[in-house]
Amino acid sequence: MSTENPTHNEVNFATPRSFGATLKSHLKETFFPDDPFRQFRNEKSCGRVVKKAVQYFIPIFEWLPNYNLRLFRFDLLAGITIASLAIPQGISYAKLANLPPVIGLYSSFVPPLIYAVFGNSKHLAVGTVAACSLLIANTIGEKVSFKDDPTLYLHLVFTATFFTGIFQTILGLLRLGILVDFLSHPTITGFMGGTATLICLQQLKGIFGLKHFTTKTDVVSVLRAIFENRDEWRWQSVVVGIIFLIFLQFTWFLKRKRPNLFWVSAIAPMVVVVVGCLFAYFAHADKHGIQIVGHLNKGLNPLSIEHLNFNSQYLPVTLKAGLITAIIALAEGVAIGRSFAIMKNEQVDGNKEMIAFGLMNIVGSFTSCYLTTGPFSKTAVNFNAGCRTAMSNIVMAICMMLTLLFLAPFFSYTPLVALSAIIMSAMLGLIDCKEIYHLFKVDKFDFLICMAGFIGVAFISMDNGLMMSIGLALVRTILYAARPTTCKLGKMQDSYLYRDTEQYPGSTGVPGVLALQLGSPIYFANSNYIRERILRWIQEEDDVVNDEESVVEHVLLDLSGVTSIDTTGIETLIEIRKILEAKSIKLSIINPRLDVMEKMIRSHFVDKVGKESIFLCIEDAVEASLFTPSTQKKQHQVFV
């Protein structure tokens with residue numbers, strides 16, 4: 001065998017970038033991963049730069065100049081369709097939040113107009129949502145009872161909505177959408193499922209026609225309240241509720257079987273409300289144990305800015321409600337907007353959406369609205385109805401304005417049992433059993449995260465259940481960071497590729513050479529584990545041969561997957577090198593990335609190990625190791 005040194009690709013040992021350049025690069029990747037300023041780079045005209053800036057921050061100016069009658073026909077149909085869904089949902093979810101029903105109608109008038117101006121999604125339909133409605137009722141209700149002081153309760157809800165908008169706007173302006181990413185898919189699935197279960201059980205109050213009920217929001221308390229008040233059950237209410245629920249579920253089933261009949265399911269809640277109003281009016285249902293909504297004021301949203309309550313006595317609870325609902329509403333709204341945009345091969349800017357949600361909730365809190373976001377059911381109807389732009393939200397807002405001005409008193413005859421049936425039907429679709437089973441089959445830890453949210457929300461409380469699920473997800477993140485994946489590499493047959501020997505059993509190692517791959521950043525949390533794991537790999541190699549002398553002469557660390565390293569990580573590599581030198585084992589570094597290489601140069605790690613010990617690829621390092629005398633001896637023994 002030739003003893004001539006092989007030639008290999010040269011590693012770039014360029015002078016590290018300045019602190020300013022490094023900081024700029026990191027900030028850009030953290031806060032501007034979508035590179036929003038690329039559209040301004042080649043613009044020399046100041047006027048065009050200003051125009052593009054206005055279009056970027058106020059998206060309506062981007063699509064409105066090109067808007068035409070053909071697009072409006074689609075948006076008109078979609079807007080009228082979602083308005084027919086917004087009226088019953090608005091009244092229903094307002095009752096769920098223990099608010100006057102007209103507040104739900106107000107919340108479908110002003111916020112959609114704000115979103116149409118600042119929103120980035122073409123398909124998102126704005127409205128109230130069940131989960132946040134119940135969460136607001138639960139959180140504010142801990143401090144003030146809606147029965148004892150309904151005026152103060154309402155004002156605190158407006159204040160919580162204001163804080164929701166402030167938090168959302170700040171997150172969008174500071175481009176901190178990364179915080180929303182901590183609500184993982186299993187967390188959202190479990191939270192929504194638990195909330196839907198809880199809401200369905202709470203609607204039994206309306207189905208049975210109960211007048212007394214618990215203010216607690218756990219399954220045990222709700223079931224206890226239902227059975228303790230058996231003397232208030234009204235069979236008339238039960239019969240009407242079951243009929244409405246069967247009708248709603250039938251339309252949902254019809255939509256699943258015949259997607260082109262989506263409009264039947266979309267207008268079904270409105271049909272229930274209209275039929276319920278007519279039935280209650282002509283049959284005098286309120287005199288037969290069927291409760292109705294009661295008086296609804298005509299007129300547009302009154303100003304509520306003077307009713308915002310910043311009293312220190314109530315500030316903690318309004319801040320808590322505002323922060324939690326802000327994160328949940330953002331996670332739900334942004335995810336839904338992106339999901340439908342993907343279907344049309346389009347993109348949605350999450351930070352713009354945060355700002356739009358924030359502004360519409362701030363303005364909403366000034367105009368007698370409570371929290372709004374992008375509900376899935378309404379957005380799905382908007383998408384299927386063929387909407388083309390955010391103009392569909394404007395059409396919906398105009399329909400709601402006409403309703404508030406002329407039709408509001410008619411809905412005062414809406415039976416509460418009809419609203420309960422509408423809510424129950426909507427919530428049944430949020431309990432995604434197939435997805436929960438899918439999580440169980442694919443990833444047991446994700447299933448555990450999901451069930452922590454589900455059970456915690458259903459049996460403890462909504463905020464505690466959410467925190468339990470997020471906590472488990474963070475524990476998993478910490479475990480991933482503290483116990484990174486490492487693997488032994490072997491050479492694939494008839495190839496220069498080196499792959500995980502466990503994944504590819506046919507790959508073979510080189511006698512005397514141990515090639516290892518690290519798959520995560522090296523920092524203080526995992527440094528000890530990495531050192532111990534490398535030494536264990538060496539020990540396992542020696543145990544296979546059962547020889548007193550170490551069979552490993554070279555350890556090659558592939559750092560291609562190591563995106564960063566801190567000073568503790570560098571000190572750990574130095575310690576590993578010293579330990580290996582004591583065992584007469586040479587350490588080589590493979591393909592350190594830019595940030596890692598710069599820190600190795602600044603810390604003089606490169607000077608300590610020598611530039612000749614750093615290689616661009618594993619093949620170069622293996623070839624170099626084969627020309628050391630000890631390794632040549634082992635190679636000769638293998639060939640003999």
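From the backbone N, Cα and C atoms, a Cβ is placed for every residue, glycine too.
As annotated in TrEMBL, transmembrane segment covers the listed stretch 354-373 rather than the other ranges in 74-93, 194-213, 354-373, 434-453. If you look at the transmembrane segment (153-176), the same-chain residues 6 or more away from its ends with a CB under 8 A from one of its CBs are 31-32, 97-100, 103, 136, 139-141, 143-146, 304, 307-310, 314, 317-319, 321-323, 325-327, 329-330, 351-366, 368-371.
In this chain, the transmembrane segment (260-282) touches the transmembrane segment (233-254); three or more CB pairs sit within less than 8 A of each other, excluding pairs fewer than 6 residues apart.
Tallying C-beta pairs under 8 angstroms between the transmembrane segment (99-118) and each of 260-282, 321-342, 385-407 places 385-407 first. Of the candidate ranges 124-141, 260-282, 354-373, 385-407, 413-433, 124-141 has the most C-beta pairs within less than 8 angstroms of the transmembrane segment (321-342). Of the candidate ranges 124-141, 354-373, 385-407, 413-433, 413-433 has the most C-beta pairs within less than 8 angstroms of the transmembrane segment (260-282). For the domain 'STAS' (503-625), DSSP puts the residue distribution at 60 helix, 21 strand, 42 coil.
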